[in-house]
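*Asks:* What TrEMBL shows for this protein is this:
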- B:15-432: domain 'THIF-type NAD/FAD binding fold' (DOMAIN)
- B:27-32, B:Asp51, B:59-62, B:Lys75, B:98-99, B:120-125: ATP binding site (BINDING)
- B:Cys161, B:Cys164, B:Cys432, B:Cys435: Zn(2+) binding site (BINDING)
- B:Cys176: active site, glycyl thioester intermediate (ACT_SITE)
- B:312-367: domain 'Ubiquitin-activating enzyme SCCH' (DOMAIN)
- B:443-528: domain 'Ubiquitin/SUMO-activating enzyme ubiquitin-like' (DOMAIN)
- B:581-613: region 'Disordered' (REGION)
- B:598-613: compositional bias 'Acidic residues' (COMPBIAS)
Amino acid sequence: MSEKQLSTDEAEVYDRQIRLWGIEAQEKLRAANVLLIGVRSLGSEIAKNILLSGINSLTILDDGVVSQDDVTRNFLLHEKVALGSKIAEQVLPRAQALNPLVKIVVDTGSVAAKSGDYFKEFTIVVATKLKFELILKIDGFCREHNVKFIYGEVAGFFGYSVSDFQDHEYFEDRIQLATGAKRGHEGDKKTKRIKGKLTYPPLNKVLVLPNTKQDIGSIKKMSRPNKLFVCMLMLLEFRKRFERDPDLENKSDEIEELRDIATEIIKLYQFTKVNVDNLLDLVFGEVSPVCAILGGIMSQEVIKAASHKEVTINNIFLFDPVTYSGKELTVGA
Amino acid sequence: MSTQSANPREPTSHVNSISKSKILVVGAGGIGCEILKNLCVSGFQDIEVIDLDTIDVSNLNRQFLFRKEHVGKSKAVVARESIISFNSNVNIKAYHDSIFNQEYGVNFFKRFDLVLNALDNRAARNHVNRMCLAADIPLIESGTAGYSGQVELIKKGMTQCYECQPKPQQKSYPGCTIRNTPSEPVHCIVWAKHLFNQLFGEEDPDQDVSPDTEDPEVKKDGAFSVTESGDVKRKSTRQWAQEVDYNPEQLFNKFFKDDINYLLSMENLWKTRKPPVPISWEKALTCESRISNDEESSKSLDMQVLSISKYTQIFASTVNILKKELAGKKFLMWDKDDTPAMDFVTACANIRAFIFSISQKSKFEIKSIAGNIIPAIATANALIAGAAVLYALRVLQNDYEKCPTIYLRQKSIYSKVLLATDKSLQKPNPNCYVCSAKPVVNVFVNVNKMLVKEFETEVLKNTLNMVAPDAILDGKGVVVISSEEGETEINNKKTLCEVGIVDGSILKVDDFLQNYELIINVNQYEAKEKDDPPFKFIANPAELKAKQIDGVKNGVTAAKNDLPNQEMHTDNDDVVICTTDNDDFGASSSKKRKLNPVEDDDDDLIILDEQLE
C-alpha cells in the first residue's frame with residue numbers, strides 16, 4: 001500500500017496515536033511491511049503492539065509447534081489449540097482480530113532456509129530467540145537490501161534488544177516558543193522540525209563472542225564495562241554452545257556453566273571489576289511481564305524506525321533484572 | 001489443572017503467592033487490558049475488575065481486549081470475556097460500575113491482597129488511594145501520557161500516598177480574557193464551549209459568553225460608562241435563544257456582530273490591542289477567508305482549516321440539530337465525540353478567532369484542546385502494565401522496599417535512560433491531609449458569603465475529594481452537613497456564618513465511605529483581586545505561616561476555579577503523570593465549570609490513567 005491518505009475508519013481507530021506522532025508518521029507506518037521471526041511470549045507481545053499501530057502487513061515466520069507452555073502463556077493462543085500444531089498458524093485468528101486493517105501472512109517455513117531475497121520485501125525485520133549465527137546472517141541479508149533489523153529476547157527477568165537500522169534518518173517535531181513569547185502561551189508555540197541521522201554498525205561488530213574470529217577492535221574500547229552487556233553476550237554464547245536456553249530444572253549446574261561463560265567473555269573483553277554473579281539466578285525461564293516490557297520497547301523501535309519519527313535507540317537496550325530500569329548502550333560505533 | 005496453572009517457565013518462587021492472591025484492577029482501559037493479560041499469563045487466578053466506561057472506536061488502537069464489534073459495550077465485561085476465552089481457569093469478576101459507589105466500601109477493598117489502579121482521572125485515583133489507606137491494602141498506581149508513564153507503590157505508613165504532594169493545577173484563564181480580549185486559539189475554544197453550554201448545556205453563570213463590563217481594564221479612567229449590560233439584570237442567553245427559536249441568523253448576529261460591536265465600544269480595551277472586526281451573518285456566508293499558514297490541499301477535512309462561509313454553514317446546521325436534540329430534555333452534555341457538539345465548537349471557535357485575528361485551528365486540533373485528549377499508545381501502556389505487574393509480584397512477597405517509583409521516558413538524543421527508578425521509596429509527607437495520623441487542613445473562605453451547600457460541593461467534595469461527608473462544628477457538637485438525605489437540607493442556603501462557622505472555627509469532617517476524618521480550621525478570607533480564587537486550602541503548617549505573612553497568596557490554592565476563571569488541563573508528562581485517555585472514569589466529581597471534567601490522564605494523565613486505561 002502506498003502512503004496515501006488515511007481513510008476515515010483509520011483516522012478514527014488511530015486517533016489517539018496520530019495525536020502523538022502525527023499524520024505523516026502514521027502514513028509512513030501504514031506503508032510498512034514487517035517480518036516477525038518467532039511468535040512465542042515476546043514475539044506475541046511485539047505482534048500485538050505493531051498490529052495495533054496500523055502497519056500495512058505483518059509476516060509471521062515461525063516453524064515451531066505449540067507446546068503446553070505456549071498454551072498457558074501466549075495470549076494469541078487459547079486452551080483449545082492442539083498441542084503440536086504449527087504455532088504461526090494458530091496465532092493467526094487472534095492476531096488478525098487485533099486489527100482487521102493489517103494484512104497478516106503466516107510462514108511456517110524455517111528461517112534458516114531463507115535466502116537473502118526473502119528479506120528484501122520488508123521494511124523492517126524483528127526477531128527473537130535465534131541462534132547466534134543466524135542473527136548475524138539475517139543482519140547481513142538485511143544490510144544487503146537496506147532492510148532494518150532489530151533482535152531481542154527475554155531470559156527470566158532480564159531482557160535486551162539490539163538494533164541495526166544502518167543509515168537511519170529521522171525527524172522530530174519540537175515545540176518551541178516563538179521569540180519574545182512568554183511561557184505558557186499556547187498561541188505562540190511553533191513546532192520546529194528537526195532532522196537527524198544515526199549510523200548503526202553491523203551486528204557482527206556489536207555482538208562479538210569468543211572463538212568466532214570476529215573483529216573485537218571497536219568493542220574493546222568500551223569506556224565503562226557494563227555487566228548487563230556481559231549478561232547478554234553470556235546468554236548468546238550459552239545458546240550457541242548448547243543449542244538451548246538455561247534449564248530451570250537444573251538450575252545450580254546451569255549457573256556454573258553461565259558463570260564460566262561470563263568469565264570467558266570478561267577475559268576476552270579485558271573488562272575489570274565486572275561481576276555478574278547476582279544476575280545468574282535471574283535469567284531462567286521467561287517472565288511474562290518482562291516480555292510485555294521488552295515487547296513495548298522493541299515495538300516502539302519498530303514504529304519509530306518505520307515511521308522515521310523520533311530518535312531511535314542506538315543500538316542496544318538493556319533491562320536490569322534487579323532494579324527494573326532500562327537504558328540504551330551504544331556499542332561498536 | 002487449575003491448581004497447577006502456574007507456568008513452569010515463570011519464576012517458581014512466586015507460584016503460591018500468585019495463584020492464591022486476590023487482585024482488584026480498577027479500570028479496564030489501555031493499562032487495564034494490559035494488566036489483566038499480564039496477570040492472567042503470570043498465573044493469577046482470582047481477579048476482579050471494575051470500570052464504568054464503555055468501549056469507543058478510539059480505544060481500539062491500544063485496548064487490545066476489545067474489537068470493533070464491542071464498541072458501546074462495557075469495558076469491564078468485555079475484558080473479562082476476552083480473558084476467559086484465553087484461559088477459562090481464571091476466576092475473574094467484572095463490575096460495570098463506578099468505584100465511587102457505596103457498595104465498594106472499605107470492606108470491599110479489604111477482601112483483596114493488592115489493588116492495581118489503571119485509571120484515567122485524578123478524582124478516582126484520589127478515591128481509591130483513600131480506600132486502600134483505610135483498608136490498609138497495598139495499591140499500585142500507574143498511568144501513561146504519550147510516550148511517558150509511571151508506576152508507583154502506595155503502602156500505608158511506608159510510602160507517599162497519592163495525595164501527599166500537591167498535584168499541578170489545571171491551567172485557568174481569566175474570565176475577562178475569554179469574554180473580552182482573547183489572544184490565543186485556546187481562549188476562543190473555551191469561549192465556544194461556554195457558548196454551547198449557555199445555549200444547550202447546563203447553565204452556569206460562570207460561563208457567561210457576553211462582554212464583561214466588570215473587566216478592570218474597561219473602567220480605567222472611567223472612559224466607559226456601564227449602561228445596558230453591567231448593572232441591569234438581563235435575561236439569560238438561553239432564555240433569549242429560546243425566544244428567537246434558535247434562529248441561526250439571529251444567534252450569529254448577536255454573538256459575532258452585536259456583542260463584538262459592544263466590545264468595540266469599550267475603547268480602553270483596544271488602545272494597545274488590535275480591535276476585533278464584527279462580522280454579520282450575510283457577510284459571513286460569502287466570506288472565503290481563513291487564517292492559517294498550513295498547506296491544506298492534501299489533508300483530510302478534519303485536519304484542515306475551513307473558510308468562514310463554511311464555518312457559518314456548520315454553525316447554522318449544528319444549531320438546528322442541537323436544538324432538536326435539546327427538545328424534551330433539560331440540557332445537553334457537551335462531548336467531544338458527539339459530532340454536532342464538536343462541530344459547533346469548532347465553527348464558533350474559528351469564527352471568533354477570525355474576528356480577533358487569531359490563527360484558526362482544524363477540527364482535529366480543536367478536539368485535542370476542547371476534549372482535553374491525552375494521546376495514548378499501545379507500547380507505553382504495555383511497558384507500564386508490565387512494570388506494574390512486576391511490582392505486584394514483589395508486593396505479594398512483601399518486598400515493598402524494592403518497589404521505588406518507576407518512570408518511563410521518551411528516548412531523546414540527550415538521554416539514554418528509558419526506564420528510570422527512584423533510589424528508594426518516597427516517605428510519607430507527615431503533613432499530608434489524607435494519610436497523616438491526624439489529618440488537618442486550613443481552609444480560607446469567605447464565611448459571610450459562601451453557602452453551606454457550596455462549601456459541601458466545592459470545598460469538601462470537589463476539592464478535598466470526599467464522597468459523602470458529615471461535618472460537625474467542634475465545641476458545639478452541631479451537625480452542619482450530613483450525608484443523610486434531608487437531615488441538614490435546611491442549612492443548604494445559609495451562609496457558613498449563619499450556621500456558626502466563622503473565622504477560627506474547627507470543623508470535624510468525616511467521610512464514612514472513605515473511612516476518612518479530617519479536621520478543618522476555618523479562616524476568614526476575602527478574594528481581593530479579580531483573579532483570586534474564591535477559597536484556598538493549605539495542609540502544611542509551615543507553609544501556612546509563610547502564607548500568612550504574604551497575605552495568603554499563592555498557597556496551595558483550591559483546584560476549583562474562581563468564578564471568572566476557566567480551567568484547562570495541561571498535558572505534562574514530567575513528574576506527575578496523569579491520566580491516559582481522557583475519557584473520564586466514574587463519577588467524576590468534577591464540575592462543569594471546568595473546561596474539562598478534570599482530569600489528568602486514561603488509560604490513558606493527571607498524574608496517572610490510562611484511561612482509565
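Heads up, the Cβ atoms here are built off N, Cα and C, so glycines get one too.
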*Asks:* By CA-CA distance, flag whichever of B:Cys161, B:Cys164, B:Cys176, B:Cys432 among the recorded positions is nearest to B:Gly30 (ATP binding site).
*Replies:* B:Cys161
*Asks:* Spatially speaking, which of the recorded positions B:Gly27, B:Asn61, B:Ala124, B:Cys176 is closest to B:Cys435 (Zn(2+) binding site)? Use C-alpha to C-alpha, please.
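*Replies:* Ranked by Cα distance from B:Cys435 (Zn(2+) binding site), first place goes to B:Ala124.
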*Asks:* If I take the alpha carbons of B:Asp51 (ATP binding site) and B:Cys161 (Zn(2+) binding site), what is the distance between them in whole Å?
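*Replies:* Spelling it out, the Cα of B:Asp51 (ATP binding site) and the Cα of B:Cys161 (Zn(2+) binding site) are 22 Å apart.
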*Asks:* Between the Cα atoms of B:Cys164 (Zn(2+) binding site) and B:Gly27 (ATP binding site), what distance do you get, rounded to the nearest Å?
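*Replies:* For B:Cys164 (Zn(2+) binding site) versus B:Gly27 (ATP binding site), the Cα atoms are 22 Å apart.
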*Asks:* Go through B:Gly27, B:Gly30, the listed binding-site residues, and name the one with the sparsest Cβ surroundings, counting other Cβ atoms within 10 Å.
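*Replies:* Among the binding-site residues B:Gly27, B:Gly30, the sparsest Cβ neighbourhood within 10 Å belongs to B:Gly30.
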*Asks:* Using DSSP, what is the helix/strand/coil residue split across the domain 'Ubiquitin-activating enzyme SCCH' (B:312-367)?
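*Replies:* Summed over the domain 'Ubiquitin-activating enzyme SCCH' (B:312-367), the classes give 37 helix, 0 strand, 19 coil.
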*Asks:* Check B:Ser98 (ATP binding site) against DSSP and tell me helix, strand or coil, would you?
*Replies:* coil
*Asks:* Applying an 8 Å Cβ threshold (strictly under) against chain A, tell me which of the binding-site residues B:Asp51, B:Asn61, B:Ser98, B:Ala124 fall inside, in sequence order.
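*Replies:* Filtering B:Asp51, B:Asn61, B:Ser98, B:Ala124 for a Cβ under 8 Å from chain A leaves B:Asn61.
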*Asks:* Using DSSP, tally how many residues of the domain 'Ubiquitin/SUMO-activating enzyme ubiquitin-like' (B:443-528) sit in helix, strand and coil.
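*Replies:* The breakdown for the domain 'Ubiquitin/SUMO-activating enzyme ubiquitin-like' (B:443-528) reads 18 helix, 29 strand, 39 coil.
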*Asks:* For the recorded positions listed here, B:Ala124, B:Cys164, B:Cys176, B:Cys432, B:Cys435, which shows the highest count of neighbouring CB atoms within 10 A?
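*Replies:* Result for the most crowded candidate: B:Ala124.
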*Asks:* Among the recorded positions listed here (B:Asn61, B:Ser98, B:Asn121, B:Ala124, B:Cys176), which has the Cα closest to the Cα of B:Cys161 (Zn(2+) binding site)?
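*Replies:* Among B:Asn61, B:Ser98, B:Asn121, B:Ala124, B:Cys176, B:Ala124.
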*Asks:* Tell me, roughly as an integer, the mean pLDDT over the domain 'Ubiquitin/SUMO-activating enzyme ubiquitin-like' (B:443-528).
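*Replies:* Averaged over the domain 'Ubiquitin/SUMO-activating enzyme ubiquitin-like' (B:443-528), the predicted model reaches a pLDDT of 90.
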*Asks:* I need the CA-to-CA distance for B:Asn61 (ATP binding site) versus the residue listed as 'active site, glycyl thioester intermediate', whole Å please.
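*Replies:* Cα to Cα, B:Asn61 (ATP binding site) and the residue listed as 'active site, glycyl thioester intermediate' are separated by 40 Å.
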*Asks:* Sorry to bug you, but what's the C-alpha spacing from B:Cys432 (Zn(2+) binding site) to B:Ala124 (ATP binding site), rounded to the closest Å?
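*Replies:* Their Cα atoms are separated by 18 Å.
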*Asks:* I need the least crowded one of these binding-site residues (B:Asn61, B:Ser98), counting other C-beta atoms within 10 angstroms of each C-beta.
*Replies:* B:Ser98
